[in-house]
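Annotated ATP binding site per Swiss-Prot: Gln86, Gly104, Glu105, Gly106, Lys107, Thr108, Asp511, in sequence order. Annotation source Swiss-Prot lists region 'Disordered' at 853-906. Annotation comment: Swiss-Prot describes 853-865, 877-888 as compositional bias 'Basic and acidic residues'. According to Swiss-Prot, the Zn(2+) binding site annotation covers Cys890, Cys892, Cys901, His902. Feature annotation from Swiss-Prot assigns compositional bias 'Basic residues' to 896-906.
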Amino acid sequence: MLSLVQKIIGSRNERFIKKVSRIVQKINSLEPEFEKLSDEQLKAKTFEYRERLANGEILDNLLPEAFATVREAGKRTKNMRHYDVQLIGGIVLHQGKVAEMKTGEGKTLVATLPAYLNALTGDGVHVITVNDYLAKRDAELMSDIYEFLGMSVGVIVADLNPQQRKEAYACDITYGTNNEFGFDYLRDNMAYEKEQQVQRSRNYVIIDEVDSILIDEARTPLIISGASDDSSEMYNLFNRLVPYLEKQEKEEVENEQEQRDFYVDEKSKNAYLTEKGYAKIENMLKKEGILEEDDNLYSPHNITKMHYLNACLRAHSLYQLNIDYIVRDQEIVIIDESTGRAMPGRRWSDGLHQAIEAKEGVKINAENQTMASITFQNFFKLYNKIAGMTGTADTEAFELHSIYGLEVIIIPTNKPMIRKDHHDEIYGSVREKFDAIVEDIKERISKGQPVLVGTASIEASEVLSTLLKKKKIRHNVLNAKQHEKEASIIAMAGYPDNVTIATNMAGRGTDIILGGNLEVEIAQLEDPTPEDIAQIKAEWLKRNEAVKKAGGLCIIGSERHDSRRIDNQLRGRAARQGDPGESKFYLSMDDNLLRIFASQSMAERVKKGLKGGESLAFGFMSKVISKAQGKVESYHFDIRKNLLEYDNVVNTQRKVIYEQRQSFLEAEDVSDILADIRIDVAEQLFHDYVSAGSMHELWDLEGLEKALKSDFMIELDLQKLYEEDDSLGEEDLKRLVREAIEIEFVEKTKNLDSGAVRQFEKFSLLQSLDTHWREHLSSIDHLRNSINLRGYAQKDPKNEYKKEAFELFSTMLDNFKYEVISSLAKIRIATEEETQRAQQEWQESMSDIKAEHESVIDNNQRHDEDEQEEAPKVQQVRREGPKVKRNDPCPCGSGKKYKQCHGKVE
């Protein structure tokens, strides 16, 4: 019934395309009129549109004219005319949706339409790509169009200094990577002067490869961190001990004889010790003198040892050289499992990177303490409007809509897509599969057909390369080890009988043109004459026709990826813009996807039914594969959804802190803010020693006096005052405490330079807030890591997490207020030498931060010398008494820690 209705009225996607086609017709009707305009008249349109917006007109009304303007500018500056389907894509992006556009349909050109329209408001447009190369390339390619129309274009890449970043963000349209935009947001919320902040409002963002950024990278938050204590000795110790542990093939074993020391869960990439393993590692640690004879690993004080052990166990059992990482220049370089790209400068978290460094015998770098963090899910929600482009979003439409509120619209291709997708072939073993791939390649290149082979790992690409060399088949390899040659390898991939092996082509961002890349060939000529160019074009046309006759580019997948989307991205490299093409996947029952997620009984039946070299290729197996991929996709979706639910708790707190911090930063004078905080602190302090409505006999006036003296440098004899006038009630005493704190502060600062005092007040607020927020993030991390244990007590971990996170946040805010007022109570005029020393120490402490993408760290830091020169000048003020830390003995002499005595907030 549903299919019948769809045939009559069309699907939702078809109805949407039909609706926006009317807008496209209007844009097309304007083309003759805009073609008649002079360059100056066309350029003047930008000023006209901005005036109309200022007078109350809305962007939707301007859209047809603005798109017609960009189309005409594209024709004049780039000799590129936006097709009708590209106009549809632009409308989809303007409306805050995801446009699924096949490879070769010109997504880079499409982005110019909504980018120009939305930049007319003056609030800026961000265009996000997956790497620096694509950001630079796209900005350079499209800058002629934007600049012709009077729009400024900026690019954010890793090596820019703060001033260059600020200038790039001030442009009408700014290109850059998701990591750079996210890290700049976090750094801006760590700045100590307004001038150090580089970003402006987050108005409208267009995300290229939106599925890769919002889904593949959503599980790993962006983190700004600073180095913590050196723990290389412990990693080296456990790295030496872990190889003595034996692996158990599955979690449950039938008898004790089969039990080993640990087992792994490949789905979640975790390793777990058995009871036998715990006993074995405890004995080894006791022999090493790390554990006492009567001690055990379950003890709370050994939690850090368990951290090192688990990290090393995962490093040895789950992460493999040339598959998950490579060693380059004595450093561990992560390989992105989705794209196959090496990611230099990035690091795994939770001690895993240090454990792998120990495993491979390279220098172990210190772990890091979180100073600021955010997930991509919550970062992009900060924008007023989000839009995205990709070649493969439909399979992830549910997640994009449920988490980001983004609707996916499939854009028709400009020319019909004629790729031929063959059935998968499944073999009993990996070797048989690779032999079949080699024979297929041999047959295809014999007729001049170019072949692109997609592999899931560097190891697989090198195995296949070795087999091809034995057969004397010429080929190129593109993986994380050959990343420098990427552009030239891709440019050659469409040549007749060319063979290219690539590790996960997803996100490569370069079209493979049949016959080779003509533009690259022309660019390589030195001072070419028109005759040279004509000859190159003629030769290219011959090659192009020859490849088309041979069947176009053939895509061969050496195994199925966990996600159907990544497989579709690989397939999408063939048959661009109406060209012919083919695709085929070769699998074995030993491939990770089928081994981990297909049922064991089915796998055994298939293996028994296959004789040496035989394969299966029919619909039933396609269903099995799709079902296995569906399991993986569902599993990963649940992880991302779960991460978001937990991060939303911290995100609410982050918004409060960052908004409060920004108000401190922008205020010229924070004295009114501090006056309000002093009232809160006086109230808090008073009720620590005098419970509301309690009897006089229960008042601890002596303790209150000691706290006033040690924390606020105030001598106030409350007991004497009460003895002299026993009519003084609770409210009277509270007022005396409040007035004493206020008067003492006025007296302390009345003879100081007011500018220096105001500067120090702001600095103290920001520094104290940052310190407490950083400690709070650490507490939240510990809470998050342990909260699932509450399930054993029949409690809902998420509800417990929300409740305790709120309590931690409330306590953190109270402690922040108390400490900042206590700090300000101890200031005095400092010498010039002391001022310089304090300033230098602060600059050094802030120059050591790193930007991480949890699995991943970006070491391109923005805290260079230019920024340090702008650090807050803490002139003429310093503490009079020593700062009391929360874990120090309380100065009152009780013997308790400060946080449990006078630093305690009920």
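Glycine residues also receive a Cβ, built from the backbone N, Cα and C atoms like all the rest.
DSSP assigns Lys107 (ATP binding site) to a helix in the three-state reduction.
Residues Gln86, Gly104, Glu105, Gly106, Lys107, Thr108, Asp511 make up the record's ATP site, and a Cβ search at 8 Å around their centroid adds Met101, Thr103, Leu109, Val110 from the same chain. In the structure as shown, the Cβ atom of Gln86 (ATP binding site) sits within 10 Å of 27 other Cβ atoms. Once the Cα atoms of Gln86, Gly104, Glu105, Gly106, Lys107, Thr108, Asp511, the listed binders of ATP, are compared pairwise, the greatest separation found is 17 Å. The C-beta environment of Gly104 (ATP binding site), restricted to residues of the same chain at least 6 apart in sequence and closer than 8 Å, consists of Asp511, Arg576, Gln577. When each of the binding-site residues Glu105, Asp511 is scored by how many other Cβ atoms sit within 10 Å of its Cβ, Asp511 comes out lowest.
In the three-state DSSP classification, Asp511 (ATP binding site) falls within coil. The Cβ of Thr108 (ATP binding site) lies under 8 Å from the Cβ of Asp138, Leu141, Met142, Asp208, each of which sits 6+ residues away along the same chain. Taking the Cβ of Gly106 (ATP binding site) as centre and 10 Å as the limit, one finds 17 other Cβ atoms among all the protein chains shown.
Counting only same-chain residues six or more apart in sequence, the Cβ atoms lying under 8 angstroms from the Cβ of Lys107 (ATP binding site) belong to Gly89, Ala99, Met101, Asp208, Met389, Gly391.
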